[in-house]
Structure formats: C-alpha cells, structure tokens
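A.B. asks: First the structure, then my questions, so here it is.
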Amino acid sequence: MENETQSLLPKNRSSNSSYSTPEGLELRSFRLGLNWFCLDQSNLWKVSLSWSFFFVLAVGVPIISHYVLLCSNCDEKHRRPYDAVVQLSLSSFAAVSFISLSSWARKYGIRKFLFLDKLCDVSDKVRKGYAEELQKSMKLLCVFVLPCLAAESAYRIWWYATGASQIPYLGNMYVSDIIVCALQLASWLYRTSIFILACIFYQLTCHLQILRLEDFAQVFQKETEVRSILAEHLRIRRNLRIISHRFRLFLLLSLVLVTASQFFALLMTTRTTTAVNIYEVGELALCSISLVTGLFICLRSATKITHRAQAITGLAAKWHVCATINSFDEADGETPTAQIVSPQMYPVDVDWESDEEDEGDDLDNTKLVPIFAHTVSFQKRQALVTYLEHNRAGITVYGFMVDRTGIHTIFGIELALLLWLLNKTIGITYSPANLV
C-alpha cells in the first residue's frame, strides 16, 4: 500500500475498489502515456531510467545538436542562428515540467494527485463527467503535440535532405543523418510533450472542481439546509487551496519563462543586421507556438474555475432575493409563509458547458430559483450570502487570484508577443540585402 501512495503509476488495483469504477479504468491511458515518456518512478530502477532519459533527451541531445550541427559554414537556408534560443527554451520548460511531475509523484501518486480518492463523496454525475475528461486527456495531448511534431519532422527531413553535403557527419553520411535526425525529433517530442502533459494534469484537477461546482449549484434548487451548503463550499475551497499550492510554482515559472523566451526571441529577430527568413526562424516560431499553447491551457483552466467559483455568490444572492420576495408577497396576502412553496418560482437549468453561455456569465439568466422559504430563515440566508461575498473561492498564485481581469492582461501580452514574432518570422521574409 505504501508503494501505491508513492508511485505515480500504481499497479495494484485489486487492493482498492475504486479502480473498478469508470474513472479508475481510465487510468490505463495515463499508465500508457506516462510509461511512454518514462515518467514511472515507482521504484529505484525506474527512477534511474526516468532521469537518464531526461538527461539524454532534454540535455545531452540539444547540447550536441547545437554545438556539432550548428553548421555556420552552410548556406543561408541551412544556418541556424536562433537554435540556441529554441533549445534553451524547450529544455528549460522540460526541466520545470519534469521536476514538477517527479515531485508530485514522490509526494502523492496519481490517485491522490488527481483527487480520485475523493470521488466517493461526490455524485454519480460528477464521477461520470470526470471519467470522460480522463478519457479525453491523452487525446488532447495528441491534438496539441502531433501537428507541431509533423511540422518539425518536415523541417528536419528537408534540412537533412537538402543540406546533406554541408552538414557534419560521422562514417556513412546517410546513416549518420538518419540517426541524428531521429534523435533530434525524439528530443523535441519528449520536451514538448512533458510540458503539455503537466499542463493537462493541471487542467484535469481544475475540471474536477468545476464539475463539483456545477453540482454544488443545484443545492439552491431544492430544499437544503444552510449548514450543508456551507460544509460543501468549505470542502471545495479547501480543494482549490490545495490545487493552488501544488501548482503555484509551476504556473509562475511557466509564465515567466514563456514571456522571457518571447521577448528574447523578438530582440534577436528585430536586429537590423539579422537576416530573417522562414528557413532560419521557422523552428523558432514553432517553439513559441507550442510554449504559448501550454501556458494558455493552464491559464484558461485557472480562470474558468475561478469564474465558476465566484459565480456561486451571484446564484446565492439571487436565491436569497427570490426567497425574500416570496416571503413578503405571501405576507401581503395574509397567507402564512411557513407552509408555502411559491408556484411562481421554477428550477433554473444551468448549462455551464454550453458554447453560447461560455462567453458570458454562466449564471446570468432571467429564470428564478425555486424557493423553500419555510426551510431557511432570512437571517441564515443573509449570513450565507455574506460569507460567500467575503470568502471568494478560486485559483491563486502566491496569494494573487487568477481571474478574468488577469487572464485578459496576460493573454493580450502573450498574444501580442506571439503575433509580432510570427510576423517577423513567417509573415515577412527579408534579408539585409533586400533593404538596400
């Protein structure tokens, strides 16, 4: 049982009945994906293998590729003046992601890390939705990585096929080029996938809390005590604090490194003496797209869960208002409110995931909440609304709330840097000779 806690990939499923549930069965895709990237650290041998792969593919191959295959004597189409930025950026993100995943593996294990051990306290709807998200997780990894891998493969194959006579090689030229090209592609795939995988882990943990918040919103549509509402909200807030604490360093380093990488790439491509063409800077643009995509996955998940958590306050306030209005209406009619459930109040269908509502306020609708005025007193409702107003839940990074205001600012900065870089790299192809 101890190994199951320490391992990121527990194998003894029969010892815990939760593995027989749909979300437990979906861990097979995680096992396959993490084993493929040598992230299984369940014993000393696998820890050594995992770190060996990391040093070879994330450190050794990029260093050798940069210093041996720099090709400074090649023609302008085969020179790689921005290779140092590309290799340093990818390796830095791979190091941050790998160390984070290794740390999470030692402390928690996949079941505890993904909150699978807490699913016994949630509804069947939440468990089913989380199982579906687990099933889609590795598909999302392929969706984000494979298109960039195809572009990187096409570039590498072209680079070796058209410049074989200029590129340094050992022994047979063709065999040497094939081996080195395969190693470079494996290194690129490993480093990019590690970063995107860590971002998907973050998205998964946030998605479970979003499902819980969706389920929690239904308590205002039925006869519920304030004590049970408060207890569930406290559990959700605790989970959000745990997520914020686990990922805060990863999120901060990702944001800082992506911004620094974008700025440095722009400084290099905007020099007047620098020749910029698609052959030289295409790989730099591809690297920037991959890194910014991973950052946006994390920021979108954090902002989405913060928005959902804070929307609960608005729903509770509407619930309180409807109950208060209903009480006064019945009092005006000289009808005892203690026995009345207003027939004018209808359940509200809250479709959190609809595309139409995703762009606006998910709970901003004109439907009223069903009121059970006789079950909750005015003072209790007011106390609950006051508590929610002063205890806003959400994702934080070292105390700073990640909300829509912050994400809009970060998104604007990162998108501006990315588009400017893409314009300098693949949008306009020029050289100093063309400026004369």
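Cβ atoms here come from the backbone N, Cα and C positions, even for glycine.
Pulled these from TrEMBL:
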REGION    1-22  region 'Disordered'
COMPBIAS  1-21  compositional bias 'Polar residues'
TRANSMEM  49-69  transmembrane segment
TRANSMEM  84-105  transmembrane segment
TRANSMEM  140-161  transmembrane segment
TRANSMEM  173-202  transmembrane segment
TRANSMEM  247-269  transmembrane segment
TRANSMEM  281-299  transmembrane segment
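Provide an account of the burial state, proximal residues and distances for the features listed.
C.D. replies: Among residues of the same chain six or more beyond the transmembrane segment (140-161), those with a C-beta under 8 A of the stretch's C-beta atoms are 33, 78, 167, 177, 180-181, 184-185, 188-189, 192-193, 196-197, 200, 203, 282-283, 286, 289-290, 293-294, 297.
Counting residues 6+ beyond its ends, the transmembrane segment (247-269) has Cβ neighbours under 8 Å at 81-82, 85, 89, 92-93, 96-97, 100, 198-199, 202, 205, 276, 281, 284, 287-288, 291-292, 294-295, 298-299, 302, 396-398, 402, 410, 413-414, 417-418, 420-421, 424-425 in the same chain.
Among residues of the same chain six or more beyond the transmembrane segment (281-299), those with a C-beta under 8 A of the stretch's C-beta atoms are 80, 82-83, 85-86, 89-90, 93, 144-145, 148, 151-152, 155, 192, 195-196, 198-200, 202-203, 247, 251, 254-255, 257-258, 261-262, 265, 269, 402, 407, 410-411, 414-415, 418, 421-422, 424-426.
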